[in-house]
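Read the structure below first, then the notes.
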Amino acid sequence: MAIRKKSTKNPPVLSHEFILQNHADIVSCVAMVFLLGLMFEITAKASIIFVTLQYNVTLPATEEQDTESASLYYYGVKDLATVFFYMLVAVIIHAIIQEYVLDKINRRMHFSKTKHSKFNESGQLSAFYLFSCIWGTFILISENYISDPTILWRAYPHNLMTFQMKFFYISQLAYWLHAFPELYFQKTKKEDIPRQLVYIGLYLFHIAGAYLLNLNHLGLILLVLHYFVEFLFHISRLFYFSDEKYQKGFSLWAVLFVLGRLLTLILSVLTVGFGLARAENQKFDLSAGNFNVLAVRIAVLASICITQAFMMWKFINFQLRRWREHSAAQAPAVKKKPTVTKGRSSRKGTENGVNGTVTSNGADSPRNRKDKSS
């Protein structure tokens, strides 16, 4: 008898399946390396660049305003290291929400594969949108943006930010960057990847643009407005998965979506087209962070208008698809018992395809006539 020799080759430690199943633990270990680096004097200078916000300046207190000294921040190259660290944190939080919240609900509801992926997507995004809305609204209230809208363009460039403002933008960039590796970790379908890449790229383009062009005030208001509308859509989709008769949330979202696009255009034109266009300081100065020139203003407005038009086009297609599905579900199925007749009536029934026979003249069937009229 031939004796089989046992294979002495061990499977690769970092195999594809191993990374997918343990990616949260791997990322946690990498993040802990930066945190542990703060404990040692040799590595503290390098680790602090990743963990804490950089480029802070302290403004002395003034006697006229009777205020204390304030610590403000501006942006620089070192922010990339901070964004990378908080991208790792976003991956860990994503895994915690997935394992301890969404997976437990999925086991109870027994969703199909298609609903399972959409439920996970809406669950993750609704949590992020809700958190970002609350955080952004807190910043708007604390810095009096709502009571004084002229702060959007007054005293531009807004190159100095409070801690909350800068940390908000760092977190936004980190979250949307973490969405790229999540496409691999979550085993996203190939046909869904282009759609995901488009909206991730749009978020990064506009958030980074507002951050780098010192339009952080305008960017914050537009993000809060947009996130609120998107939160309503994804929370409505979660309710829809639990009860397919639930449609009220989508109706409210449809109205707010159109209003959100109009408000976005109005605020953008008001700030960039009128406020900054009438400002006295209209010189391009990279060191001072002043980008208030005609070419930049046109580029900003063009990017916002094109994005809003693209979103409206997707919205109209979505509503038309939902209308077709709803009308198809409401249309009663035409059922007739097959009858055997002789002569002319039998021939006529066969031509119209009402006796279970599909012919080239099927467009004249009662059901198709009804679809055309609808």
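From the backbone N, Cα and C atoms, a Cβ is placed for every residue, glycine too.
Please treat TrEMBL annotations as automatic predictions, because they have not gone through curation.
Copied over from TrEMBL:
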type: TRANSMEM; residues: 26-51; note: transmembrane segment
type: TRANSMEM; residues: 83-102; note: transmembrane segment
type: DOMAIN; residues: 117-326; note: domain 'TLC'
type: TRANSMEM; residues: 123-147; note: transmembrane segment
type: TRANSMEM; residues: 167-185; note: transmembrane segment
type: TRANSMEM; residues: 197-214; note: transmembrane segment
type: TRANSMEM; residues: 220-240; note: transmembrane segment
type: TRANSMEM; residues: 252-274; note: transmembrane segment
type: TRANSMEM; residues: 294-316; note: transmembrane segment
type: REGION; residues: 329-374; note: region 'Disordered'
type: COMPBIAS; residues: 334-347; note: compositional bias 'Basic residues'
type: COMPBIAS; residues: 352-363; note: compositional bias 'Polar residues'
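Contact between the transmembrane segment (220-240) and the transmembrane segment (123-147) is supported by 3 or more Cβ pairs under 8 Å, counting only residues 6 or more apart in sequence. Per-stretch counts of Cβ pairs under 8 Å to the transmembrane segment (83-102) identify 167-185 as the leading one among 26-51, 123-147, 167-185, 252-274, 294-316. A contact between the transmembrane segment (252-274) and the transmembrane segment (294-316) is present, since 3 or more of their C-beta pairs, 6 or more residues apart, lie under 8 Å. Note on the transmembrane segment (167-185): residues 20, 23, 53, 79, 82-91, 94, 128, 132, 135-136, 139, 161, 193, 196-197, 200, 203-204, 207-208, 210-211, 216, 219-220, 223 of its chain, located 6 or more positions outside it, place their CB under 8 angstroms from a CB of the stretch.
Within its own chain, the transmembrane segment (294-316) has Cβ neighbours under 8 Å at 202, 205-206, 209, 213, 215, 254, 257-258, 261, 264-265, 268-269, 272-273, 276-277, 282, 284, counting only residues six or more beyond its boundaries.
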